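All remarks here apply to the structure that follows.
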Amino acid sequence: MTLSSAEPTVQAQASTQGGERLQLLRVLGPGHVWALGVGIVLVGEYMGWNFAVGKGGMIAGLVACWLAGLLYTCVAMIDSEVTSTVAAAGGQYAQAKHIVGPLMAFNVGLFLVMAYTMLEAANAITIGFLLDTVAGLQGHSGLHQPPFIVLTVVFLAWLNYRGVLATLTFNLVITAIAFLAIILLFVSVQLGASHVPLDFSAISTDPLPYGWLGILAALHFGLWYYLGIEGTCQAAEEVRSPARSLPYGTMAGIMTLLIAATLTWYVCSGLIPWEYLGQAGTPLFDAARVTGSTPLMVLLFIGTIFSTLASANGCINDASRAWFSMGRDRYLPSWFGAVHPKYRTPYRSIVFLVPIALIFALGAPLDQVVTFSILSGLLGYTFMTFNMVMFRRKWPLGTIKRGYVHPFHPFPAILLLLICAATYFAVFLGYGSQLIAMMCFYILASLWFHFWRYRFVRRGDQFTMPWPRPQGC
Amino acid sequence: MAYQPPKQGFVGQIVDVAVLLVMTVGALYIPLYLGLAGAAKTPRPIENPTWEALGQNAAEQAQWQALGIADPAAASDIVTARFDYSFSWAALLVMAVLVIGYFVLVVRLSDKEYRDVIAERFDRK
């Protein structure tokens with residue numbers, strides 16, 4: 001695998017089995033990386049983040065937004081350094097393979113697949129819910145949601161099946177429109193477009209309905225504002241210049257999301273009673289409803305649909321590439337490691353993950369699906385902390401070429417670990433059973449991999465970077 | 001000599017995929033389906049609720065109405081629902097042991113595998 005290649009044509013190389021091994025196309029620029037990251041995450045402003053308000057109140061929701069922003073700043077700093085150096089499909093999965101070991105890589109691959117597949121399911125649920133709401137507003141209550149959920153997942157899977165460039169260009173456009181919708185809502189409300197005034201009196205009358213514990217509890221869903229931004233590095237093998245484009249796209253994405261998250265909290269908290277906001281399915285659309293402005297309602301309806309489509313689209317892209325990478329390395333059956341002969345996409349992985357997304361989209365409540373996604377993301381962020389420390393210890397600065405070196409090491413890793421620990425406790429408050437179920441799943445999967453699946457893995461092939469031997473090994 | 005993994009047949013691959021699917025659905029979906037997992041948020045209804053009794057001022061009442069909820073009784077369950085954050089320290093300890101134990105397990109077993117990888121990659125030259 002030639003990581004420095006910028007050749008935008010299909011490459012083929014002899015595989016170890018003597019056949020032709022097709023590779024993914026290097027066609028993506030920084031704009032696509034931004035769109036992939038923000039496209040997946042922007043939906044966090046359109047749904048899910050507001051459960052943080054439900055867990056702790058308005059102030060807790062804002063504090064959670066900023067604390068989570070701090071967490072993701074650490075994630076972006078760490079991820080930019082490691083990803084710009086280990087630029088291979090699978091992102092953190094490839095990092096774990098080279099830095100910690102195969103079992104960790106298998107787990108990280110599963111974190112990515114589960115986080116993105118659950119997020120995809122949450123997006124499909126939101127689309128069904130939104131269409132039901134709008135149908136109700138038009139006097140057609142009781143819309144049957146499942147067909148729309150299935151249609152969403154299957155259509156986007158088909159789009160991904162056909163090709164990554166078309167898919168992410170599509171994402172770039174609809175993400176930009178969804179982001180613009182939030183800005184327009186904020187500006188319109190500030191200019192007095194709302195028939196109902198902004199009201200923040202709950203901040204003084206009921207500032208912390210759960211006390212200080214509520215702030216900690218709210219951190220659980222605070223992650224939803226940004227969850228998935230690290231997905232930028234999933235397409236590392238398809239980026240023309242990973243060392244430059246990946247850090248740039250990720251950092252630009254974090255800045256975009258910090259702005260959008262703050263604006264979203266401000267508008268929604270001012271227009272919607274916090275008790276309603278804490279359990280709403282589509283908070284930004286609800287905020288537009290409260291303004292009484294039909295154009296804003298239409299705009300936020302489009303924004304919600306576009307953000308969920310962009311997110312689900314990016315999730316399918318990322319989850320399938322993580323699954324594909326694991327298949328290619330035989331961590332999973334090698335059948336999944338195939339690239340489509342015409343479209344150059346990991347088509348078998350794309351198709352395989354469709355029914356898993358549908359099981360949860362059709363059969364689980366939104367907050368539970370969101371929690372599963374958050375938990376998988378959280379486990380991945382925890383991994384990043386010791387992965388970063390091990391990376392610097394095994395290959396100190398100067399021993400290998402890094403695309404980007406993040407400052408203040410190990411402070412970001414320590415801070416990230418502390419916020420992760422607080423978030424585990426936050427999930428434990430109210431959703432402890434999901435946390436235990438998730439941990440049992442990963443422990444079982446780890447034992448299965450180590451004692452069974454690993455026998456099919458070629459040992460030496462797990463280290464493909466042109467680096468010197470790691471120190472201490 | 002480099003490790004040569006056994007070739008896995010088609011049926012073996014299908015079985016492996018089925019095992020993963022069963023683990024995913026069994027550990028994550030079945031508890032939800034059986035109602036064993038879920039958020040602990042419960043309403044605390046009050047009799048004959050009014051907007052004032054529910055602590056909603058005039059602006060908030062207008063917001064509720066814009067959201068299509070004009071009757072305080074309809075809003076009562078939403079307004080009064082709260083999470084129960086009481087917990088036992090034993091349960092918290094179990095969670096901590098699970099999370100920390102999981103990472104210790106994975107890192108230790110990974111390290112064992114990683115040494116094989118490094119040995120094969122760098123020692124065979």
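Cβ from N, Cα, C; glycine included.
Just so you know, TrEMBL annotations never went through curation; they're auto-generated.
What TrEMBL annotates here:
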- A:33-52: transmembrane segment (TRANSMEM)
- A:39-434: domain 'Amino acid permease/ SLC12A' (DOMAIN)
- A:58-78: transmembrane segment (TRANSMEM)
- A:99-131: transmembrane segment (TRANSMEM)
- A:143-161: transmembrane segment (TRANSMEM)
- A:168-189: transmembrane segment (TRANSMEM)
- A:209-227: transmembrane segment (TRANSMEM)
- A:248-274: transmembrane segment (TRANSMEM)
- A:294-316: transmembrane segment (TRANSMEM)
- A:350-366: transmembrane segment (TRANSMEM)
- A:372-391: transmembrane segment (TRANSMEM)
- A:411-429: transmembrane segment (TRANSMEM)
- A:435-452: transmembrane segment (TRANSMEM)
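Spatially, the transmembrane segment (A:209-227) is not adjacent to the transmembrane segment (A:168-189); fewer than three Cβ-Cβ distances between them are under 8 Å for residues at least 6 apart in sequence. Remark: the transmembrane segment (A:435-452) makes no contact with the transmembrane segment (A:294-316), by the rule of 3 or more CB pairs under 8 A. Counting Cβ pairs closer than 8 Å and at least 6 residues apart in sequence, the transmembrane segment (A:58-78) and the transmembrane segment (A:350-366) reach fewer than three and form no contact. Counted over residue pairs 6 or more apart, the CB atoms of the transmembrane segment (A:294-316) and the transmembrane segment (A:168-189) come under 8 Å in at least three pairs, which marks the two as touching.
The transmembrane segment (A:99-131) is in contact with the transmembrane segment (A:372-391), judged by 3+ CB-CB distances under 8 Å for residue pairs 6 or more apart in sequence. When pLDDT is averaged over the domain 'Amino acid permease/ SLC12A' (A:39-434), the result is 90.
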